[in-house]
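K.L.:
Could you have a look at this structure, given as structure tokens, before my questions?
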């Protein structure tokens, strides 16, 4: 195999040390071949900074004793996870109010990963699906029996069929096994941005629906993205709520209406109260309540409506996050709604 065609997984297999990733952000062990216990050597000749870990360290348990942490943490490198705005005809939609993506099964959607600084170590992204509600937090998230069948998974390795999340990165590795009570997750190396860009884009998809009775069984889920170094240390964490469904736009509007009617979505009060600290999707000073008038030219009425709808969602999200100081946002929301319907 030529150097150009070698993947990250290939390098791991032929090196003297093999990193085994397990659970939500840890390395279980380092397996050494034909070496003495105290011998000092380098894992990759071309990367002298890679560390060899002490075999005397106790291994991390394969099954976490507590639920996966789902608190946002930007970390020392200002880790950000950004969804790219999409048009109305795409098979997925994003709700700013809920910090939630609604997407059809099998549809590709892009996510940008961004950090403000980069250490000399290798960096990785881990994506771990978990159930959102605390009473289900320790349960494993996996595909239903029907979607996991071989006839639905041509050219898909057996150990990958269980996973509901897929990534198109050629270096991705899938970890965990539901049959051994191991949490399922995927890991890929964080690349470098292209010239002129400040983030790295990856494509994802979901291959099972929330409504599948032998899988997620209508329980809400979220994806926990963690930024990790070569020793499994978590350097950042971002959370994205997900609903895999047949009618993304309809379900989005339904859940947003529930939020507007009830004030907070079911089972999400804690997270929405903290979402004012998030900088991944709505940058800027979240404490600013001044009103700004913006006059910009836009070509096409459909584009005007899209911009107004985006602003409408932003204001609705502020009302949910700050129920005790929501009056200025309600007034602004009404003005935007009037513009959308042609009322002045």
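Even glycines carry a Cβ here, placed using N, Cα and C.
The following feature annotations were taken from TrEMBL:
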BINDING   144, 147, 208, 212  Zn(2+) binding site
DOMAIN    69-258  domain 'p53 DNA-binding'
REGION    256-279  region 'Disordered'
K.L.:
Within 8 Å of the Cβ centre of 144, 147, 208, 212, which other residues of the chain have their Cβ, at the recorded Zn(2+) site?
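P.N.:
Surrounding the site, in chain order, are 143, 145, 146, 148, 164, 207, 209, 214, 215, 216.
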K.L.:
For the domain 'p53 DNA-binding' (69-258), what's the model's average pLDDT?
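P.N.:
Within the domain 'p53 DNA-binding' (69-258), the model's average pLDDT equals 92.
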K.L.:
Radius 10 Å, atoms counted are CB only; among the binding-site residues 208, 212, which position scores highest?
P.N.:
208
K.L.:
Return one of helix, strand or coil for residue 208 (Zn(2+) binding site), based on DSSP.
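P.N.:
Note: residue 208 (Zn(2+) binding site) is coil by DSSP, not helix or strand.
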K.L.:
For residue 144 (Zn(2+) binding site), write down the residues of its own chain that are at least 6 apart in sequence and whose Cβ falls under 8 Å from its Cβ; none is a fine answer.
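P.N.:
Listed in sequence order: 208, 209, 212, 213, 214, 215, 216.
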K.L.:
Which of the three DSSP-derived classes (helix, strand, coil) applies to residue 144 (Zn(2+) binding site)?
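P.N.:
Where residue 144 (Zn(2+) binding site) sits, the three-state DSSP reduction gives coil.
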K.L.:
Cβ distance under 8 Å to residue 147 (Zn(2+) binding site), same chain, sequence separation 6 or more: which residues?
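P.N.:
Looking at Cβ-Cβ distances below 8 Å from residue 147 (Zn(2+) binding site), excluding near sequence neighbours, one finds 207, 208, 212, 215.
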